[in-house]
Amino acid sequence: MDNSTQTFLTKFILLGLSTIPGLQIFFSLLFLLMYMVSFSGNLILIIVVQFNTQLRTPMYFFLTNLAVIDICFSSTVVPKIISNTLSSDQSISFFGCAAQLYFHLSLGSTECLLLAVMAYDRYIAICKPLLYITIMSKTCCLYLAGGCWIVSFFDSFLLTFFTFQLPYCRSNFISHFFCEMPPLFHISCKDTWFNELMNYIAAGLIVLGLFLLILMSYLFITLTILKIRSTKEQQKAFSRCASHLTVVCLFYGAVMFIYLHPHYSDSPEHDKVVTVLYTVVTPMLNPIIYSVRNKEVKKAMKKTFYFRSYNRNFCSFSP
């Protein structure tokens, strides 16, 4: 494709994780399985929080937001992969690619911001417990959650807009399994230094900046916990933070690798593997991590499903 054909570009071809048809099917089935686990796990978490009044706290409010984001986040990628594999048509329209990139960036940025807000919530709960109810009021939580969504969707609009202002005349083949900025930059016939600079600034502020703030908050949290005399209370406090810190390391680590290292074309296969980690694997693991390590969630799950099962059985045996 040359510059003259840029006007007529109507679709891209997604090459997927592998060019081998058999492996494409295998990866698609694997993605489908992980997507089903992710969708059902996050949905169960939302239902459990909504049906248990003891979980109506800021922490679980943000956790519900995170579950909604994870469902939507993986939904921007996996259904298209399955569709392309089943139909043997690996194409995606120009506007479909732009929409996929926009929502993927928006939801990914929202998750970054929300994980930082959750770290702030833990900081207030442990370091300023007497002020927790006052600071983390319902209004404050709504503003914090809403701010995460608004800032992310605005920032992602700018990045997506400038990405699709580029002329794509080298090829319309994207060496990836979905539309993402680095592989799109690679097939542009124009110098992408401005777009890459915007990408690094956005990633630096949102990803690296927030990650450093999270680490700082956990530094204060750790210092506060170490001052607690009771070993049992120390372990309880650390366990409350362990789930969140695990999710932060998984998600932020993968995102920083993709968006803050400059040479995409040097290691596209490695980048695909890392991208799978934060687009599919992390959304699947989040509800598992929060459920397995959280006694309150496990107790609420048993209560919710036992109560519903009991009601159903009671109704079935009623005259």
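Each Cβ is built from the backbone N, Cα and C atoms, and glycine gets one as well.
Pulled from TrEMBL:
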| type | residues | note |
| --- | --- | --- |
| TRANSMEM | 25-48 | transmembrane segment |
| DOMAIN | 41-290 | domain 'G-protein coupled receptors family 1 profile' |
| TRANSMEM | 60-82 | transmembrane segment |
| TRANSMEM | 102-120 | transmembrane segment |
| TRANSMEM | 141-164 | transmembrane segment |
| TRANSMEM | 200-221 | transmembrane segment |
| TRANSMEM | 242-261 | transmembrane segment |
| TRANSMEM | 273-292 | transmembrane segment |
Under 8 angstroms for C-beta pairs, at least 3 of them, ignoring pairs fewer than 6 apart in sequence. Is the transmembrane segment (60-82) in contact with the transmembrane segment (141-164) by that rule?
yes
Arithmetic mean of per-residue pLDDT over the domain 'G-protein coupled receptors family 1 profile' (41-290):
88
Outside the transmembrane segment (141-164), at least 6 residues beyond either end, the same-chain residues with a Cβ under 8 Å of its Cβ set are 58, 61-62, 65, 94, 97-98, 101-103, 105-107, 109-110, 112-114, 117, 120, 181, 184-185, 194-195, 198-199, 202, 206
Among 25-48, 242-261, 273-292, point out the range having the most Cβ pairs under 8 angstroms from the transmembrane segment (102-120).
242-261
